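Just below is one structure, and these are the notes that go with it.
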Amino acid sequence: MSDKEQTSGNTDLENAPAGYYSSHDNDVNGVAEDERPSHDSLGKIYTGGDNNEYIYIGRQKFLKSDLYQAFGGTLNPGLAPAPVHKFANPAPLGLSAFALTTFVLSMFNARAQGITVPNVVVGCAMFYGGLVQLIAGIWEIALENTFGGTALCSYGGFWLSFAAIYIPWFGILEAYEDNESDLNNALGFYLLGWAIFTFGLTVCTMKSTVMFFLLFFLLALTFLLLSIGHFANRLGVTRAGGVLGVVVAFIAWYNAYAGVATKQNSYVLARPFPLPSTERVIF
């Protein structure tokens, strides 16, 4: 192998610096590969090897087959090495819990069938959207997926806190019993905070896939519409947020299905479509 290994045609790709460490640094005879030119290029992505079989991310080296691509089914927003721990993928469980609870509440917000009292969602929010999603998020952290763990644990906490609002034992609604205006403003700020948080996560998905990005972008808009609906006391805006929430629920189910369906168990697979900004990635 020459001192300058082959790189892709991407103009951002240059030769990687020396000092990489990987379990794949030695060939079958135990001979180390040639060192790469030493210049600073941390944070860039490179290809190397006779057939471009290696990926260099920062100062780490991986086989292409060892890397996870951006994929909604695993809640990985970008290239990531395979986790050290060997657990099943918890993302579909967390996404399913989020999707079903969002679907139920959003149908209530949209006033489907004339329903105005959302208390039926409390049980779902406590145990499926809350507890189960929180457990899935903790498992994501164990699998070294910071984004997935942050998202699932946070939205699990959202559903638990939302359920607490409608549980009389907490006394939250009772405190606003004589002041509906304060209740609407308080719920508006509550939902606005979640909108801001979700917009932050959306920025972290802009190099992933279309359905992955849409999940968080539309969810942020849903929170924003619901927040505005409470601030302005406009039922029409709240209903619009409910309709958009139903769309978000189906996108979450799609991403969950993408993480469950494989060639071994299904004839119908969910194909990831990368966003335009990721078409230059070297895979």
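Cβ coordinates are placed from backbone N, Cα and C, and glycine is handled just like the others.
The region 'Disordered' annotation in Swiss-Prot covers 1-41.
Annotation comment: Swiss-Prot describes 1-89 (among others) as topological domain 'Cytoplasmic', evidence class sequence analysis.
What Swiss-Prot lists as topological domain 'Extracellular' is 111-120 (among others), and the listing cites sequence analysis. For the topological domain 'Extracellular' (111-120), same-chain residues at least 6 beyond its ends with a Cβ under 8 Å from one of its own Cβ atoms are 104-105, 166, 235, 239, 242.
What Swiss-Prot lists as topological domain 'Cytoplasmic' is 142-151 (among others).
Sequence annotations record features per position, and here Swiss-Prot assigns topological domain 'Extracellular' to 173-185 (among others) based on sequence analysis. Using a Cβ-Cβ cut-off under 8 Å and counting only residues 6 or more beyond its ends in the same chain, the topological domain 'Extracellular' (173-185) has close neighbours at 165-166, 230-231, 233.
When Cβ-Cβ distances below 8 Å are used as the criterion, the topological domain 'Extracellular' (230-240) is approached by residues 109-111, 181, 184-185, 187-188, 191 of the same chain, each at least six residues removed from its ends. The topological domain 'Extracellular' annotation in Swiss-Prot covers 230-240 (among others) and rests on sequence analysis.
The topological domain 'Cytoplasmic' annotation in Swiss-Prot covers 262-283 (among others). Here the topological domain 'Cytoplasmic' (262-283) has a mean pLDDT of 74 out of 100.
What Swiss-Prot records for 90-110 (among others) is transmembrane segment, and it gives sequence analysis as the kind of evidence.
Listed by sequence, the residues of this chain that lie at least six past the ends of the transmembrane segment (121-141) yet keep a Cβ under 8 A from its Cβ atoms are 75, 87, 90-91, 93-94, 97-98, 100-102, 104-105, 108, 148-157, 159-160, 162-163, 166-167. Taken from Swiss-Prot, the feature transmembrane segment applies to 121-141 (among others).
The feature transmembrane segment is assigned by Swiss-Prot to 152-172 (among others).
According to Swiss-Prot, the transmembrane segment annotation covers 186-206 (among others), on the basis of sequence analysis.
The transmembrane segment annotation in Swiss-Prot covers 209-229 (among others) and rests on sequence analysis. Here the transmembrane segment (209-229) has Cβ contacts under 8 Å with residues 70-72, 77, 106, 109, 151, 187-189, 191-192, 194-195, 198-199, 201-202, 235-242, 244-245, 247-248, 251-252, 254-255, 258, 270, 272-275, 278 of the same chain, all six or more residues outside its ends.
Sequence annotations record features per position, and here Swiss-Prot assigns transmembrane segment to 241-261 (among others).
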Can you see whether the transmembrane segment (90-110) and the transmembrane segment (186-206) are touching - at least 3 CB pairs under 8 angstroms, only pairs 6 or more apart in sequence?
no
Secondary structure content, the topological domain 'Cytoplasmic' (142-151) (per DSSP, counts of residues)
7 helix, 0 strand, 3 coil
